[in-house]
């Protein structure tokens, strides 16, 4: 009894630490088993079919559904209890984003159901069960994240750790399955395009998993099969966002938080007109470039080369603008003297780690392209544009990561701009004086108007009159009032400079937000010069380079969407 009561904190921490380690190892093994099963299906391993992979994924989703229903039921019975919340986790804009991706994912599931119905004669029943289970899983998971993403779980902690980490790795496996399926489709199109670019020395073998029977309605089958691949990018983003939100929930289990008021940071369009205009111009031009690229690439060698040249020139221009904007923002930060918030925050730490980690994907591709250009013996004209493009991709991510990470760690200003200047009009010797106490005095309640105390700025007029001090005293106090007014003008001028800096930073954040959305579109919808350039395949070999691209591209795509989400938060905080 004495031993148990002597050191309760140490005795209680070991089981929880062990539960964290055990649950993480459980999740990793769950993921590795699914990853190997996915890889075996992709390479047509003997005895492994798509039905085996889908059965595994269906089982994982059903287990997660049971856990979420149990958690929701327990939460309803304990809804009167006051629970700790992580105010930084599960922001409203993040929930809205995942809801949008989930809606499009449900459309994808409906397309898969329609595709199964048309090919039901030669498809496994699991291919019909999977989209139905996935749709139910998506609906319940979005509801769960909307209601409980901010929870800090303090009861049944061991069980909840396993439930949450199971959900994290289930979503990661669903993300992996989506990435692989979409990549196989892109690879088949890429192999066909290489023929038009004149790379005949590369062996073209299409990797086809198409059903071995005829469709009942040809038109619908074509719509479903083509529509599925255009919707996969949204499904991929949905699962990676869900896994990150669930990971933050897992890290918050058993956490003790400091109870302090969190400042709400709503998004406002006011003051970011310039950034929005330039960002929308970039977004519109990018969509136009992607449309032309997808139409021209693969039609002929000349059209393919023109499409690649057009893409590189546009990307070089956009990346150069983004580098310039990021450098300006960092220079403004260097001119400011504001402390950083180093408090423990799992959501903010994960954001910074994801930015650097996923940027490594595009850095890998960029360095591969640079080495290919240096080492290649023959250089078609369009490949030279790849060199500045690859260099700018590396530099731009360096600068942008610095800007975002410093922005999310900077403490917010305590004095709000909405605090209005208090003007007190007094009459002294027949003249009207407009005297204004400083922001700090108003904010700290030092104006003292409610208590009847006269502000210091009025002492030279009102106080002087009431005490009948004489002409000399009034004159000296008038001079003191002028000095106070001068100091206030100096304060307001400094405040004006600060507001201008904030306005510039908000415009930069808005511009970079739209630019990252713009740069997410091309690779997500099949505009991938890393595939179509052809030079890297000659230097590194077709299969090795394709493996590198298929591994790195998903991280590169996710980086742009995650950066856009982080920049949205930066815009709200600035």
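Here, residue 1 is simply the first one shown, and the rest follow in order.
Yeah, the Cβs are placed from backbone N, Cα and C, and that goes for glycine too.
TrEMBL labels come from automatic prediction, so no person has curated them.
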Between the ranges 3-20, 75-92, 129-146, TrEMBL assigns transmembrane segment to 129-146
Which range is transmembrane segment per TrEMBL? Of 229-250, 383-404, 405-426, it is 229-250
Look up transmembrane segment in TrEMBL and report which of 172-197, 198-223, 354-379 it refers to.
354-379
Which range, 472-493, 538-559, does TrEMBL list as transmembrane segment?
538-559
Look over the recorded stretches 53-72, 271-295, 354-379, 504-526, 538-559 and say which has the most C-beta pairs under 8 A to the transmembrane segment (26-47).
53-72
Contact count check, CB pairs under 8 angstroms to the transmembrane segment (504-526), set 53-72, 93-117, 229-250, 311-333; argmax is 311-333
Against the transmembrane segment (93-117), which of these stretches has the most C-beta pairs under 8 Å: 53-72, 229-250, 311-333?
229-250
